[in-house]
Amino acid sequence: MSFCKLVSFVLILHLLNSCLISCSSNDLSQIPKNFLSLAKREDFFDWMVGIRRRIHENPELGYEEVETSKLVKTELDKMGVSYKNPVAVTGVIGYVGTGHAPFVALRADMDALPIQEMVEWEHKSKIPGKMHACGHDAHTTMLLGAAKLLKEHQEELQGTVILVFQPAEEGGAGAKKIVEAGVLENVGAIFGLHVSNLLGLGQLSSREGLLMAGSGRFKATISGKGGHAALPQFAIDPVLAASNVILSLQHLVSREADPLDSQVVTVATFEGSDAFNVIPDSVTIGGTFRALLPKSFEQLKQRIVQVITTQASVNMCNATVDFLEDETPPFPPTVNNKTLHLFYKNVSVDMLGIENYVETLPVMVSEDFAFYQQAIPGHFSFVGMQNKSHSPMANPHSPFFEVNEELLPYGASLLASLATRYLLDSSSSPNKDEL
(Lines of atoms letter the chains of each structure in order from A and count residues from 1; the text may use other names and numbers.)
(Lines give C-alpha, C1' and ligand atoms only; values in the text may rest on other atoms or scores of the structure.)
Protein backbone atom coordinates (compact mmCIF):
# COMPACT_ATOMS: atom_id res chain seq x y z
CA MET A 1 0.00 0.00 0.00
CA SER A 2 1.44 3.41 -0.97
CA PHE A 3 1.95 6.10 1.65
CA CYS A 4 -0.87 8.25 0.22
CA LYS A 5 -3.30 5.34 0.22
CA LEU A 6 -2.31 4.47 3.78
CA VAL A 7 -2.96 8.05 4.93
CA SER A 8 -6.34 8.05 3.17
CA PHE A 9 -7.30 4.74 4.80
CA VAL A 10 -6.37 6.01 8.27
CA LEU A 11 -8.35 9.22 7.75
CA ILE A 12 -11.45 7.31 6.62
CA LEU A 13 -11.20 4.95 9.59
CA HIS A 14 -10.77 7.91 11.95
CA LEU A 15 -13.84 9.64 10.54
CA LEU A 16 -15.86 6.44 10.81
CA ASN A 17 -14.86 6.02 14.44
CA SER A 18 -15.26 9.65 15.45
CA CYS A 19 -18.74 10.15 14.02
CA LEU A 20 -20.17 6.69 14.53
CA ILE A 21 -22.76 7.82 17.05
CA SER A 22 -22.78 11.60 16.83
CA CYS A 23 -23.37 11.59 13.08
CA SER A 24 -25.98 8.92 13.51
CA SER A 25 -28.14 11.12 15.71
CA ASN A 26 -29.37 12.45 12.37
CA ASP A 27 -29.42 9.03 10.77
CA LEU A 28 -29.88 6.31 13.38
CA SER A 29 -30.08 3.62 10.72
CA GLN A 30 -26.32 3.94 10.10
CA ILE A 31 -25.31 2.92 13.63
CA PRO A 32 -25.70 -0.87 13.13
CA LYS A 33 -23.96 -0.79 9.75
CA ASN A 34 -21.05 1.20 11.15
CA PHE A 35 -20.63 -1.07 14.16
CA LEU A 36 -20.70 -4.12 11.88
CA SER A 37 -17.99 -2.61 9.69
CA LEU A 38 -15.81 -2.02 12.73
CA ALA A 39 -16.42 -5.52 14.11
CA LYS A 40 -15.42 -7.06 10.78
CA ARG A 41 -12.02 -5.36 10.79
CA GLU A 42 -9.32 -8.01 10.59
CA ASP A 43 -7.67 -7.04 13.88
CA PHE A 44 -11.00 -6.87 15.72
CA PHE A 45 -12.21 -10.19 14.29
CA ASP A 46 -8.93 -11.96 15.09
CA TRP A 47 -9.10 -10.65 18.66
CA MET A 48 -12.60 -12.09 19.11
CA VAL A 49 -11.64 -15.43 17.58
CA GLY A 50 -8.69 -15.69 19.97
CA ILE A 51 -10.90 -15.03 22.99
CA ARG A 52 -13.55 -17.50 21.89
CA ARG A 53 -10.98 -20.26 21.40
CA ARG A 54 -9.39 -19.68 24.81
CA ILE A 55 -12.80 -19.97 26.46
CA HIS A 56 -13.66 -23.04 24.38
CA GLU A 57 -10.47 -24.84 25.38
CA ASN A 58 -11.20 -24.32 29.08
CA PRO A 59 -14.93 -24.96 29.64
CA GLU A 60 -16.37 -24.56 33.13
CA LEU A 61 -19.74 -25.71 34.44
CA GLY A 62 -22.31 -23.52 36.17
CA TYR A 63 -21.01 -21.50 39.14
CA GLU A 64 -17.52 -22.85 38.42
CA GLU A 65 -16.64 -20.19 35.80
CA VAL A 66 -13.60 -18.93 37.73
CA GLU A 67 -11.11 -18.88 34.86
CA THR A 68 -13.71 -17.61 32.40
CA SER A 69 -14.50 -14.73 34.76
CA LYS A 70 -10.78 -13.98 35.08
CA LEU A 71 -10.49 -13.80 31.29
CA VAL A 72 -13.49 -11.47 31.12
CA LYS A 73 -12.05 -9.21 33.82
CA THR A 74 -8.64 -9.15 32.14
CA GLU A 75 -10.17 -8.02 28.85
CA LEU A 76 -12.35 -5.41 30.58
CA ASP A 77 -9.27 -4.11 32.40
CA LYS A 78 -7.47 -3.74 29.07
CA MET A 79 -10.42 -1.72 27.75
CA GLY A 80 -10.64 0.43 30.87
CA VAL A 81 -14.14 -0.84 31.63
CA SER A 82 -15.13 -0.85 35.31
CA TYR A 83 -16.93 -3.87 36.76
CA LYS A 84 -18.24 -5.65 39.84
CA ASN A 85 -17.17 -9.20 40.74
CA PRO A 86 -18.15 -11.59 42.07
CA VAL A 87 -21.88 -11.26 41.48
CA ALA A 88 -24.06 -14.38 41.67
CA VAL A 89 -21.00 -16.46 42.66
CA THR A 90 -18.89 -16.11 39.50
CA GLY A 91 -20.67 -13.41 37.49
CA VAL A 92 -19.11 -10.17 36.26
CA ILE A 93 -21.09 -6.94 35.79
CA GLY A 94 -19.43 -4.27 33.63
CA TYR A 95 -20.31 -0.61 33.07
CA VAL A 96 -19.76 1.54 29.99
CA GLY A 97 -21.05 5.08 29.50
CA THR A 98 -21.94 8.08 31.60
CA GLY A 99 -22.70 6.22 34.82
CA HIS A 100 -26.12 7.85 34.82
CA ALA A 101 -29.57 7.13 33.40
CA PRO A 102 -30.88 5.85 31.14
CA PHE A 103 -29.60 2.32 31.75
CA VAL A 104 -29.72 -0.65 29.37
CA ALA A 105 -28.30 -4.15 29.95
CA LEU A 106 -26.70 -6.68 27.63
CA ARG A 107 -26.35 -10.29 28.78
CA ALA A 108 -24.16 -13.27 27.88
CA ASP A 109 -24.01 -16.66 29.60
CA MET A 110 -20.60 -18.21 30.35
CA ASP A 111 -21.12 -21.83 31.44
CA ALA A 112 -20.37 -25.06 29.60
CA LEU A 113 -21.99 -28.52 29.63
CA PRO A 114 -20.93 -31.91 31.08
CA ILE A 115 -20.31 -33.37 27.60
CA GLN A 116 -17.19 -34.97 26.14
CA GLU A 117 -16.29 -33.08 22.96
CA MET A 118 -16.05 -35.30 19.88
CA VAL A 119 -14.97 -32.62 17.41
CA GLU A 120 -11.30 -33.04 16.56
CA TRP A 121 -9.71 -29.65 16.01
CA GLU A 122 -6.81 -27.57 17.24
CA HIS A 123 -8.77 -25.86 20.02
CA LYS A 124 -10.76 -28.83 21.33
CA SER A 125 -11.76 -28.78 25.01
CA LYS A 126 -8.82 -29.54 27.28
CA ILE A 127 -11.11 -30.58 30.15
CA PRO A 128 -12.35 -34.20 29.97
CA GLY A 129 -16.13 -34.46 30.15
CA LYS A 130 -16.74 -30.73 29.73
CA MET A 131 -17.53 -28.82 26.55
CA HIS A 132 -18.97 -25.58 25.28
CA ALA A 133 -21.70 -27.39 23.37
CA CYS A 134 -24.26 -24.57 23.35
CA GLY A 135 -22.28 -21.58 22.13
CA HIS A 136 -21.83 -19.79 25.44
CA ASP A 137 -18.17 -19.28 24.59
CA ALA A 138 -19.34 -17.32 21.54
CA HIS A 139 -21.93 -15.40 23.60
CA THR A 140 -19.27 -14.28 26.09
CA THR A 141 -16.94 -13.31 23.25
CA MET A 142 -19.63 -11.30 21.45
CA LEU A 143 -20.47 -9.37 24.62
CA LEU A 144 -16.79 -8.57 25.08
CA GLY A 145 -16.78 -7.44 21.45
CA ALA A 146 -19.77 -5.21 22.11
CA ALA A 147 -18.03 -3.82 25.20
CA LYS A 148 -14.99 -2.93 23.12
CA LEU A 149 -17.10 -1.21 20.46
CA LEU A 150 -19.04 0.73 23.07
CA LYS A 151 -15.95 1.70 25.07
CA GLU A 152 -14.33 3.11 21.93
CA HIS A 153 -17.32 5.49 21.68
CA GLN A 154 -18.09 5.95 25.36
CA GLU A 155 -18.02 9.74 25.19
CA GLU A 156 -20.90 9.66 22.74
CA LEU A 157 -23.14 7.26 24.67
CA GLN A 158 -26.30 8.90 26.00
CA GLY A 159 -26.47 6.83 29.19
CA THR A 160 -25.00 3.66 30.69
CA VAL A 161 -24.68 0.13 29.33
CA ILE A 162 -24.64 -2.70 31.90
CA LEU A 163 -22.65 -5.73 30.71
CA VAL A 164 -23.97 -8.92 32.33
CA PHE A 165 -21.55 -11.86 32.14
CA GLN A 166 -23.80 -14.45 33.72
CA PRO A 167 -22.95 -17.84 35.24
CA ALA A 168 -24.98 -21.03 35.23
CA GLU A 169 -27.62 -20.74 32.53
CA GLU A 170 -27.63 -24.50 31.96
CA GLY A 171 -30.01 -25.48 34.74
CA GLY A 172 -28.46 -23.30 37.44
CA ALA A 173 -30.79 -20.31 37.05
CA GLY A 174 -27.89 -17.88 37.19
CA ALA A 175 -30.14 -15.15 35.82
CA LYS A 176 -32.33 -15.40 38.90
CA LYS A 177 -29.31 -14.86 41.15
CA ILE A 178 -28.25 -11.85 39.07
CA VAL A 179 -31.70 -10.31 39.52
CA GLU A 180 -31.67 -11.07 43.26
CA ALA A 181 -28.25 -9.39 43.57
CA GLY A 182 -29.96 -6.08 42.72
CA VAL A 183 -27.50 -5.01 40.02
CA LEU A 184 -30.25 -4.35 37.47
CA GLU A 185 -32.40 -1.94 39.46
CA ASN A 186 -33.53 1.07 37.37
CA VAL A 187 -32.44 -0.70 34.15
CA GLY A 188 -34.97 0.09 31.42
CA ALA A 189 -34.38 -2.95 29.21
CA ILE A 190 -32.18 -6.00 28.79
CA PHE A 191 -31.16 -7.76 25.57
CA GLY A 192 -29.77 -11.25 25.08
CA LEU A 193 -29.01 -13.50 22.14
CA HIS A 194 -28.14 -17.08 21.22
CA VAL A 195 -26.27 -18.62 18.32
CA SER A 196 -28.40 -20.65 15.90
CA ASN A 197 -27.27 -23.49 13.64
CA LEU A 198 -30.62 -23.32 11.81
CA LEU A 199 -30.25 -19.77 10.52
CA GLY A 200 -27.89 -18.72 7.76
CA LEU A 201 -24.80 -16.71 8.59
CA GLY A 202 -25.79 -13.07 8.92
CA GLN A 203 -29.47 -13.80 9.60
CA LEU A 204 -31.22 -12.54 12.73
CA SER A 205 -34.43 -13.96 14.17
CA SER A 206 -36.93 -13.40 16.96
CA ARG A 207 -40.61 -12.77 17.59
CA GLU A 208 -42.94 -10.67 19.69
CA GLY A 209 -44.41 -12.29 22.79
CA LEU A 210 -43.98 -15.98 23.54
CA LEU A 211 -40.60 -17.18 22.25
CA MET A 212 -39.47 -20.15 24.34
CA ALA A 213 -41.10 -22.63 26.68
CA GLY A 214 -41.12 -22.81 30.43
CA SER A 215 -39.30 -25.89 31.72
CA GLY A 216 -38.95 -28.03 34.80
CA ARG A 217 -37.15 -31.20 35.84
CA PHE A 218 -38.35 -34.30 37.62
CA LYS A 219 -36.77 -37.32 39.27
CA ALA A 220 -38.83 -40.35 40.28
CA THR A 221 -37.84 -43.34 42.39
CA ILE A 222 -39.91 -46.47 41.77
CA SER A 223 -39.49 -49.09 44.49
CA GLY A 224 -40.37 -52.77 44.31
CA LYS A 225 -38.72 -55.90 45.68
CA GLY A 226 -35.35 -57.05 44.44
CA GLY A 227 -34.45 -60.59 43.54
CA HIS A 228 -32.77 -63.00 41.16
CA ALA A 229 -33.41 -62.28 37.50
CA ALA A 230 -34.06 -66.00 36.92
CA LEU A 231 -36.83 -66.00 39.55
CA PRO A 232 -38.98 -62.94 38.80
CA GLN A 233 -42.00 -64.51 40.51
CA PHE A 234 -40.34 -63.90 43.86
CA ALA A 235 -39.60 -60.25 43.11
CA ILE A 236 -41.63 -57.13 42.36
CA ASP A 237 -39.93 -55.72 39.29
CA PRO A 238 -39.44 -51.92 39.38
CA VAL A 239 -37.77 -52.01 35.94
CA LEU A 240 -40.99 -53.20 34.33
CA ALA A 241 -42.98 -50.68 36.35
CA ALA A 242 -40.66 -47.85 35.29
CA SER A 243 -40.96 -48.93 31.66
CA ASN A 244 -44.73 -48.68 31.85
CA VAL A 245 -44.41 -45.30 33.54
CA ILE A 246 -42.27 -43.98 30.69
CA LEU A 247 -44.74 -45.13 28.05
CA SER A 248 -47.67 -43.66 29.97
CA LEU A 249 -45.95 -40.30 30.37
CA GLN A 250 -45.87 -39.94 26.59
CA HIS A 251 -49.68 -40.10 26.54
CA LEU A 252 -49.79 -36.81 28.45
CA VAL A 253 -48.73 -34.97 25.30
CA SER A 254 -50.12 -37.21 22.55
CA ARG A 255 -53.57 -37.79 24.11
CA GLU A 256 -54.21 -35.10 26.73
CA ALA A 257 -52.62 -31.91 25.41
CA ASP A 258 -54.26 -29.71 22.80
CA PRO A 259 -52.14 -30.13 19.65
CA LEU A 260 -52.04 -26.32 19.39
CA ASP A 261 -50.78 -26.02 22.98
CA SER A 262 -47.19 -27.23 22.67
CA GLN A 263 -45.91 -29.45 25.47
CA VAL A 264 -43.02 -31.89 25.91
CA VAL A 265 -42.26 -34.66 28.40
CA THR A 266 -38.93 -36.42 27.95
CA VAL A 267 -37.43 -39.10 30.18
CA ALA A 268 -33.67 -38.82 29.77
CA THR A 269 -32.23 -40.95 32.60
CA PHE A 270 -32.91 -44.52 33.76
CA GLU A 271 -30.85 -46.04 36.58
CA GLY A 272 -31.26 -49.53 38.02
CA SER A 273 -28.99 -52.44 38.83
CA ASP A 274 -25.46 -52.75 37.48
CA ALA A 275 -25.76 -56.55 37.33
CA PHE A 276 -27.28 -58.52 34.47
CA ASN A 277 -28.84 -61.13 36.76
CA VAL A 278 -30.32 -58.91 39.47
CA ILE A 279 -33.77 -57.36 39.67
CA PRO A 280 -33.10 -54.18 41.68
CA ASP A 281 -35.07 -53.01 44.68
CA SER A 282 -35.65 -49.67 43.00
CA VAL A 283 -35.22 -47.75 39.76
CA THR A 284 -34.71 -44.02 39.30
CA ILE A 285 -35.85 -42.16 36.21
CA GLY A 286 -35.55 -38.47 35.41
CA GLY A 287 -36.25 -35.97 32.72
CA THR A 288 -37.70 -32.64 31.69
CA PHE A 289 -41.16 -31.28 30.99
CA ARG A 290 -42.00 -28.13 29.08
CA ALA A 291 -44.95 -26.01 28.03
CA LEU A 292 -45.44 -22.65 26.39
CA LEU A 293 -48.33 -21.61 28.63
CA PRO A 294 -47.97 -21.36 32.44
CA LYS A 295 -51.38 -23.00 33.01
CA SER A 296 -50.41 -25.96 30.84
CA PHE A 297 -47.09 -26.21 32.66
CA GLU A 298 -48.82 -26.57 36.04
CA GLN A 299 -51.32 -29.10 34.68
CA LEU A 300 -48.51 -31.14 33.18
CA LYS A 301 -46.65 -31.08 36.47
CA GLN A 302 -49.69 -32.44 38.34
CA ARG A 303 -50.31 -35.17 35.80
CA ILE A 304 -46.68 -36.32 35.90
CA VAL A 305 -47.08 -37.09 39.61
CA GLN A 306 -50.40 -38.86 39.04
CA VAL A 307 -49.15 -41.01 36.17
CA ILE A 308 -45.93 -42.06 37.90
CA THR A 309 -47.52 -42.96 41.23
CA THR A 310 -50.56 -44.66 39.69
CA GLN A 311 -48.61 -46.72 37.15
CA ALA A 312 -46.19 -47.78 39.86
CA SER A 313 -49.12 -48.91 42.00
CA VAL A 314 -50.62 -50.93 39.13
CA ASN A 315 -47.32 -52.82 39.03
CA MET A 316 -47.34 -53.33 42.82
CA CYS A 317 -44.60 -50.74 43.34
CA ASN A 318 -44.38 -47.46 45.20
CA ALA A 319 -43.13 -44.20 43.71
CA THR A 320 -41.97 -40.78 44.85
CA VAL A 321 -41.53 -37.77 42.59
CA ASP A 322 -39.15 -34.86 43.16
CA PHE A 323 -39.21 -31.77 40.92
CA LEU A 324 -35.77 -30.71 42.23
CA GLU A 325 -36.93 -27.15 42.84
CA ASP A 326 -34.66 -26.81 45.88
CA GLU A 327 -31.71 -27.20 43.49
CA THR A 328 -33.05 -25.22 40.53
CA PRO A 329 -36.37 -23.39 40.17
CA PRO A 330 -38.41 -24.10 37.05
CA PHE A 331 -37.72 -21.69 34.20
CA PRO A 332 -40.64 -19.45 33.16
CA PRO A 333 -41.51 -19.04 29.47
CA THR A 334 -39.39 -16.50 27.60
CA VAL A 335 -41.74 -13.69 26.52
CA ASN A 336 -40.43 -10.79 24.44
CA ASN A 337 -41.68 -7.30 25.21
CA LYS A 338 -43.79 -5.97 22.32
CA THR A 339 -42.20 -2.51 22.20
CA LEU A 340 -38.67 -3.90 22.48
CA HIS A 341 -39.35 -6.39 19.70
CA LEU A 342 -40.37 -3.64 17.30
CA PHE A 343 -37.24 -1.74 18.31
CA TYR A 344 -35.07 -4.86 17.84
CA LYS A 345 -36.56 -5.55 14.42
CA ASN A 346 -35.84 -2.01 13.25
CA VAL A 347 -32.21 -2.26 14.39
CA SER A 348 -31.83 -5.70 12.77
CA VAL A 349 -33.24 -4.53 9.45
CA ASP A 350 -31.05 -1.42 9.53
CA MET A 351 -27.99 -3.60 10.04
CA LEU A 352 -28.61 -6.44 7.57
CA GLY A 353 -31.73 -5.64 5.54
CA ILE A 354 -35.25 -7.06 5.73
CA GLU A 355 -34.18 -10.10 3.71
CA ASN A 356 -31.95 -11.22 6.60
CA TYR A 357 -34.56 -10.87 9.32
CA VAL A 358 -36.59 -14.03 10.09
CA GLU A 359 -39.73 -14.04 12.23
CA THR A 360 -39.47 -17.31 14.14
CA LEU A 361 -42.12 -19.59 15.62
CA PRO A 362 -42.07 -20.39 19.36
CA VAL A 363 -39.63 -23.15 20.29
CA MET A 364 -39.66 -25.68 23.14
CA VAL A 365 -36.16 -24.98 24.42
CA SER A 366 -36.00 -22.81 27.52
CA GLU A 367 -33.82 -19.96 28.79
CA ASP A 368 -33.24 -18.53 32.23
CA PHE A 369 -33.24 -15.14 30.47
CA ALA A 370 -36.94 -15.34 31.35
CA PHE A 371 -36.06 -14.41 34.95
CA TYR A 372 -34.79 -11.04 33.70
CA GLN A 373 -38.02 -10.55 31.76
CA GLN A 374 -40.03 -11.09 34.93
CA ALA A 375 -38.16 -8.19 36.53
CA ILE A 376 -37.64 -5.72 33.66
CA PRO A 377 -38.62 -5.44 29.98
CA GLY A 378 -36.46 -7.83 27.99
CA HIS A 379 -35.85 -9.16 24.51
CA PHE A 380 -34.13 -12.34 23.32
CA SER A 381 -33.10 -13.26 19.79
CA PHE A 382 -31.06 -15.63 17.63
CA VAL A 383 -28.00 -15.01 15.44
CA GLY A 384 -27.44 -17.36 12.51
CA MET A 385 -24.18 -19.16 11.78
CA GLN A 386 -25.08 -21.85 9.23
CA ASN A 387 -22.90 -21.81 6.13
CA LYS A 388 -25.40 -22.85 3.48
CA SER A 389 -22.66 -24.26 1.25
CA HIS A 390 -21.61 -26.78 3.92
CA SER A 391 -23.39 -29.77 5.42
CA PRO A 392 -25.90 -29.10 8.24
CA MET A 393 -24.33 -28.23 11.58
CA ALA A 394 -24.83 -30.34 14.70
CA ASN A 395 -27.50 -29.19 17.14
CA PRO A 396 -26.71 -27.60 20.51
CA HIS A 397 -25.93 -30.04 23.35
CA SER A 398 -24.37 -32.45 20.85
CA PRO A 399 -20.75 -33.59 21.34
CA PHE A 400 -20.29 -32.64 17.68
CA PHE A 401 -21.56 -29.06 18.11
CA GLU A 402 -19.42 -26.40 16.43
CA VAL A 403 -19.53 -22.61 16.19
CA ASN A 404 -18.95 -20.81 12.92
CA GLU A 405 -16.71 -18.01 14.15
CA GLU A 406 -17.72 -15.81 11.22
CA LEU A 407 -20.86 -14.96 13.22
CA LEU A 408 -18.92 -13.15 15.98
CA PRO A 409 -18.95 -9.69 14.33
CA TYR A 410 -22.71 -9.94 13.78
CA GLY A 411 -23.50 -10.67 17.42
CA ALA A 412 -21.07 -8.09 18.80
CA SER A 413 -22.32 -5.31 16.53
CA LEU A 414 -25.97 -6.22 17.14
CA LEU A 415 -25.55 -5.96 20.91
CA ALA A 416 -23.64 -2.69 20.64
CA SER A 417 -26.25 -1.28 18.25
CA LEU A 418 -29.19 -2.26 20.45
CA ALA A 419 -27.60 -0.61 23.48
CA THR A 420 -26.58 2.56 21.65
CA ARG A 421 -29.88 3.06 19.89
CA TYR A 422 -31.86 2.30 23.04
CA LEU A 423 -29.94 4.94 25.00
CA LEU A 424 -30.42 7.50 22.23
CA ASP A 425 -34.15 6.76 22.12
CA SER A 426 -34.44 6.89 25.93
CA SER A 427 -32.21 9.86 26.75
CA SER A 428 -35.08 12.32 26.43
CA SER A 429 -37.37 10.25 28.70
CA PRO A 430 -37.44 10.68 32.50
CA ASN A 431 -35.37 8.00 34.25
CA LYS A 432 -34.13 7.24 37.73
CA ASP A 433 -30.55 8.43 37.84
CA GLU A 434 -28.84 5.72 39.92
CA LEU A 435 -28.44 1.98 39.74
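The count begins at 1 with the first shown residue.
Cβ from N, Cα, C; glycine included.
When Swiss-Prot is compared with the stretches 32-35, 128-131, 432-435, the one noted as motif 'Prevents secretion from ER' is 432-435.
Each of the binding-site residues His136, His194, His397 was scored by other CB atoms within 10 A of its CB, and the lowest score goes to His397. In this structure, the CA atom of Glu170 (Mn(2+) 1 binding site) is 10 Å away from the CA atom of His136 (Mn(2+) 2 binding site). Mean pLDDT for the motif 'Prevents secretion from ER' (432-435) in the predicted structure: 62.
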